[in-house]
There are 2 protein chains.
Amino acid sequence: MAGILLVEDDPSVRTALELALTRQGHSLTSYATGEEALEHIRSRRPEIAILDVMLPGIDGVEVCRRIRRLDQLPVILLTARGDDLDVVVGLEAGADDYVVKPVEPRVLDARIRAILRRAESATSDRITFGELVIDRGALKVTLAGKEIHLTPTELRLLLELVRHPGQVLNRRYLLREVWDHTHVADSRLVDACVQRVRAKIEPVPAEPVFIHTVRGFGYRFSPP
Amino acid sequence: MAGILLVEDDPSVRTALELALTRQGHSLTSYATGEEALEHIRSRRPEIAILDVMLPGIDGVEVCRRIRRLDQLPVILLTARGDDLDVVVGLEAGADDYVVKPVEPRVLDARIRAILRRAESATSDRITFGELVIDRGALKVTLAGKEIHLTPTELRLLLELVRHPGQVLNRRYLLREVWDHTHVADSRLVDACVQRVRAKIEPVPAEPVFIHTVRGFGYRFSPP
DNA sequence: GCCTAGTGTCATGAAACTGTGACAGCTCAC
DNA sequence: GTGAGCTGTCACAGTTTCATGACACTAGGC
């Protein structure tokens, strides 16, 4: 998933935060309860969790404790109460930061980045194009939070295209860079591979939004 | 020194903080200006720096930037102003936290501990991935509390993979790092060793949860 | 010398990946 | 509108890659 996990039960606050954080360029999945979040935390592998403290059922501090029992996942606790004792308890539960609502989106964003920077997971070189996230370190591609499996050649092709966003790359060039240079056969090879990649990453492969055909020249990667 | 470096120009605030933090069990050295602090930071090697933003001469944010240029030393910025923009600027300068004065000693202490805990876990000898605990100091690996015996090569391989969690490491790299650099050997050697490690640490070696094969590229360690 | 744990190599089968060609569908120039 | 040239789509067989287990070689303890 490679994004933020948000847990907030109040729908209006949740929507506002979703909007604000998405606008700051984060990808995000949100839940209303701690139970749901804990259930999905293993499979979705978020980079950071933002937990409201006051939740129905398991509260945010307890969710934080349970996360800590297994994982180093960074956690920010979010609360309406600014009580000093709460802050101390929250941080002792293993939270990395404790933020009092209402919070300016820019401030929350800055705190998220500060924590991610330190967690160093931010150093993994990741590129994001809307819903499409390409992690060059982990060699993982995710679309709308769902991991996409690409074969080695497909991945090399996509990385090559992404390396030159907006540029048209012709078939000869792609054959040289992605396949072995010694390749003579200029068949439909590139086309077929592009098609395979599209089938996996394009929501509607017939109307590609990422990899565009430039008739007579080649292909161009340009984010939507 | 292994303590806190405090930079605060107001003598009364400085004395109050010194007293409070000492009472919380921290050892501490304080300076009135950023220049003095920067001068001593190399030799004294503090664990964490707490910088007032408003300082005569170089201000706290600038001190933070200069520290960042050299070092990972954790930094807390301390300020009388709670302006959102200040927070963002401060955090972007590389600060780990931004605290507004006046601050309850307990809260400051909790924030210091949260940051130190995280900084320590990054370099700590013991890393936990769910059931798997790797003690780099004692060179011991335990799975669900039971000690696992790994041979030297197996252990070096596992440590190398764990050193880059989530990253795909190719066979050439692993051969260079884990085995001798001058190894011409068949890269199937890596496969065999990975197999052996899996047989020991994976509950179901055929469906690995720790060491994943990335076909065509190499192996990736990522916790379940 | 003998035994053992550790290590590198190899054969094998299974699974995944890839190149290829045929053909349909589309686009553009005329 | 029409035809030529491009491109999309698909199935399939050959190839590559990997997991697995067996085995030989080595160094060091006894």
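Glycine too: its Cβ is placed from the backbone N, Cα and C atoms.
These numbers come from a predicted model, not from an experiment.
Positions annotated as domain 'Response regulatory' by TrEMBL: B:3-116.
What TrEMBL lists as 4-aspartylphosphate is B:Asp52. A simple way to gauge crowding: the CB of B:Asp52 (4-aspartylphosphate) has 23 other CB atoms within 10 angstroms, across all the protein chains here. In three-state terms derived from DSSP, B:Asp52 (4-aspartylphosphate) belongs to an extended strand segment.
Taken from TrEMBL, the feature DNA-binding region covers B:124-223.
The annotation domain 'OmpR/PhoB-type' is assigned in TrEMBL to B:124-223.
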Secondary structure tally of the DNA-binding region (B:124-223) (DSSP, helix then strand then coil): 34 helix, 25 strand, 41 coil
